[in-house]
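Feature annotations, reproduced from TrEMBL:
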- 1-20: signal peptide (SIGNAL)
- 43-149: domain 'Lipoprotein LPP20-like' (DOMAIN)
């Protein structure tokens, strides 16, 4: 009986040794990046997956220029600001339409005029108050990416003020 018990313990020890020796202690974790641009791992914001509820955000990019880094940065900022203006114009249109419908002023022509007037004013504000929040240079294609942002509360107040001003100018209220 002792030999059977001894054999069993030996077998169990050998089995444990074999299984333990064959198993890998280092788990290989394959990291899948969230954002890849031109084969390079990029920050999430460069792919447009970053958001901040308190800000309007936009990304702009530009190829590195022979005119230097500063020129490239300004070009990327201009592209980002153009994107930011488009976002704000959508916000303006939605607010104007909501306000006009609530006030019972549903004329499409009036909505268009007010939207245009307010968009022009808020676009100027966008250029003044937007700030560069981050940048990234892609090592694979030599593009510079910039993230810009602007506080939503500033824009919302400006839109409300400009809507009222535009409606007053058009004698709609």
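Note: Cβ is positioned from N, Cα and C throughout, glycine not excepted.
Mean pLDDT for the domain 'Lipoprotein LPP20-like' (43-149) in this predicted model: 87.
Counted with DSSP, the domain 'Lipoprotein LPP20-like' (43-149) comes out as 60 helix, 23 strand, 24 coil.
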